[in-house]
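Q: I am attaching a structure below and will ask some questions about it afterwards.
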Amino acid sequence: MLVLGIESSCDETGVALYDTERGLRAHCLHTQMAMHAEYGGVVPELASRDHIRRLVPLTEGCLAQAGASYGDIDAVAFTQGPGLGGALLAGSSYANALALALDKPVIPVHHLEGHLLSPLLAEEKPDFPFVALLVSGGHTQIMAVRGIGDYALLGESVDDAAGEAFDKTAKLLGLPYPGGAKLSELAESGRPEAFVFPRPMIHSDDLQMSFSGLKTAVLTAVEKVRAENGADDIPEQTRNDICRAFQDAVVDVLAAKVKKALLQTGFRTVVVAGGVGANRKLRETFGNMTVQIPTPKGKPKHPSEKVSVFFPPTAYCTDNGAMIAFAGAMHLGKGREVGAFNVRPRWPLSEIVR
């Protein structure tokens, strides 16, 4: 069965073809990054219009890449939510119209479920069950995943998502949009412990997270540096040091919470998905992750246990059609009536989990 996947939740237009027997056949992506850069952020109306312009050419590009035709498509999957309303409608309208024309089922997909399952597109796939860290510009959540459609929310950010905190901190430092990736790049040149920022909620007993206070700590440090220098500009090395300290704090919190989730569930496999999953520091830290089962005071310590960690291929960390095509393929037979164009800009993942 050949499934066409369509992603249009924000500022990337993704189209892909996934074959249930042969795997991913084609993957095409257009990013609107340059278009939104001059505005310093995503402009929803512009995003929607650009999706409309890109969907047909990207679909035809995927078909050519796979050596297939419209008649070979067996189902159409699309991102129903969450995301920008207009952007979602662009993808939904196209998906439903195409499915209607082809007389094929249409499969609505939750955007976060697409990210959650994206590591299964890699050659080396994780086995169920596993702890999943969904970390992006819009969401930071820790899930227990026991199988396709069997997800339990363990914890999440109570305010800013980690990726959002990266972007907002980058803006505080005067970095160009989108700043999160640039911040990570500059952090590579930062000196260890030149600045030390708090790790919010790192010692809380639950798996909740918070990053807004960390952003405030960066602002305080930036204002202090500017006051000391008597200028708005921040010295290059100081800026790099702040970037490193911020990134270290975020990664430390994420790692600590995931370790707690592993101890809570008893799982020893971790999957990291979402845009921040491409972060080099995060990959390095999680790649060396171990857990140690706590022991009563005075008792011999348990040996540390190595954790198996899986990341999606870098190309599938950002929003993409491949993850939607794959998730749709996993839900074949559950398509809703063709012609139902509703989208869900706000759609908690808890509504599809058991």
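Placement of Cβ uses the backbone N, Cα and C atoms for every residue, glycine included.
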Q: Could you look at Gly114, Gly180, Gly190, Gly321 and say which one Swiss-Prot places alongside Leu134, Val135, Ser136, Gly137, Gly138, Asp167, Asn279 in the substrate site?
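A: Substrate site check in Swiss-Prot: besides Leu134, Val135, Ser136, Gly137, Gly138, Asp167, Asn279, the record includes Gly180 out of Gly114, Gly180, Gly190, Gly321.
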Q: May I ask which of the binding-site residues Val135, Asp167, Gly180 is closest to His115 (Fe cation binding site) if we compare their C-alpha atoms?
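A: With Cα distances computed to His115 (Fe cation binding site), the winner among Val135, Asp167, Gly180 is Val135.
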Q: For a quick check of packing: other C-beta atoms within 10 Å of the C-beta of Gly137 (substrate binding site), how many?
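A: I count 24 other Cβ atoms within 10 Å of it.
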Q: What three-state secondary structure does DSSP assign to Leu134 (substrate binding site)?
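A: Strand, per DSSP.
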Q: I'd like to know which of these binding-site residues, Ser136, Asn279, is least surrounded, judged by other CB atoms within 10 A.
A: Ser136
Q: Starting from the Cβ centroid of His111, His115, Asp319, which together make up the recorded Fe cation site, report each further residue of the same chain whose Cβ lies within 8 Å of that point, ordered by sequence.
A: Glu7, Ser9, Thr79, Leu112, Gly114, Ser136, Gly274, Asn320, Met323, Ile324
Q: Could you check the binding-site residues Asp167, Asp319 and say which one's CB has the most other CB atoms within 10 Å?
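A: Top count of Cβ atoms within 10 Å goes to Asp319.
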